[in-house]
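Everything below concerns the one structure shown next.
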Amino acid sequence: MTGRPWAGAPPPPLPLAVAVGVAALLSCCCCCCCQGASATAAASFGDNFEITGAEDHVKTSADGQTWYLYLDNKTGVGFQTKQRYLFGWFSMKLKLVGNDSAGVVTAYYMCSDLDAAPLRDELDFEFLGNRSGEPYIIQTNVYHSGVGGREMRHSLWFDPTADFHTYAILWNPKQIVFFVDKVAIRVYPNDASKPPGGGGGGDGFFPIAKPMYIFSSIWNADDWATRGGLEKTDWAKAPFVSSYRDFAADACAWPPPAAGVAPSPPTPACAAATGDSWWDQPPAWALDAGQRLDNAWVARNLLVYDYCDDRKRFPTPPEECKLRPAATAS
Ligand SMILES: *[C@@H]1O[C@H](CO)[C@@H](O)[C@H](O)[C@H]1NC(C)=O
Ligand SMILES: *[C@@H]1O[C@H](CO)[C@@H](O)[C@H](O)[C@H]1NC(C)=O
Ligand SMILES: *[C@@H]1O[C@H](CO)[C@@H](O)[C@H](O)[C@H]1NC(C)=O
């Protein structure tokens, strides 16, 4: 592997967008309470999330700050945010199942619906486990109105089972960026030549209208995950445990519906003014020069699969593939 000097070294410097975000965060602290909806969620897990599935498959650290999700031969488990969010910066630290994790998938994703609704929007990070010593693969995907199939797969420049690393999504009307430890591994731009939000759903491929929940989960996917399903989960190694901490959403939040009320809480004021926030301002609308270099380094060295290059599935590249910044085109 050649190129970026921080490979295997301390993480690269804070990109501009994040630096601006931290500044915005600090200066906003005094007014969050009166603004209400646009807020930073960094409190305990229980404040932000609820468990989906087997409660006894989740364990919490003594300080309440780390959640451990267990998969065994009975079941996996997950958790989801109570609120939905439209645009923002969403980050979580994860430490993945170590040793033999073949067949096991850990996920961290956003979705407009609580189930696989046919017209859902979705942004995915999926971590595909492997045999001891073999590399994890990180798969990302973007769904708009139920249409996904936009997989990219990357290997990582560190062992994601050894320590916590940060996985983040920046989402605004101009672009979606998947970050690993401040490195933009994937950019998914909107079509700047078209007015955003047209026709209620925006462009044909870009999630722009529906607020999303944030989900995390662990499950058995040995029918497809590792070497295309050839490597099966070794249940003798169970339980498989992935750890989560330091969730942060700097975003426009939809409060959850009141208990017993139909799920249609009023649109929060921030939804009409996302441009007031750092994550929907010019520095967050496109990668800066340093981020483009990082992203090109990732594309050269760590890309395992790109649906845009898969002519068997897509004899003509999907239209959004043409919108990638030139430096990241492979
Ligand atoms: C599941 O795992 C437990 C503990 O290893 C074992 O006792 C049990 O037989 C397993 N059940 C099945 C259905 O494999
Ligand atoms: C891997 O297995 C070894 C030996 O059983 C154990 O000590 C270590 O904690 C395991 N590592 C992880 C990340 O689970
Ligand atoms: C698992 O390891 C094998 C062998 O190194 C590799 O070919 C594969 O891409 C890795 N990841 C997955 C998800 O199959």
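Any Cβ shown, glycine's included, is placed from N, Cα and C.
Caution: TrEMBL annotation is automatic and unverified by curators.
TrEMBL annotations:
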SIGNAL    1-31  signal peptide
DOMAIN    4-244  domain 'GH16'
ACT_SITE  E122  active site, nucleophile
ACT_SITE  E126  active site, proton donor
CARBOHYD  N130  N-linked glycosylation site
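Sequence-distant contacts of E126 (active site, proton donor), defined by Cβ-Cβ distance under 8 angstroms and a gap of at least six in the same chain, are V105, T106, A107, Y109, I138, Q139, T140, N141. Counting in whole angstrom, E122 (active site, nucleophile) lies 25 from N130 (N-linked glycosylation site) by their C-alpha atoms. DSSP assigns N130 (N-linked glycosylation site) to coil in the three-state reduction, placing it in neither a helix nor a strand. Checking the recorded positions E122, E126, N130 for a CB within less than 6 Å of any atom of ligand 3 leaves N130, listed in sequence order.
Every protein chain considered, the tally of other Cβ atoms within 10 Å of the Cβ of the residue listed as 'N-linked glycosylation site' stands at 21. Mean pLDDT for the domain 'GH16' (4-244) in the predicted structure: 83.
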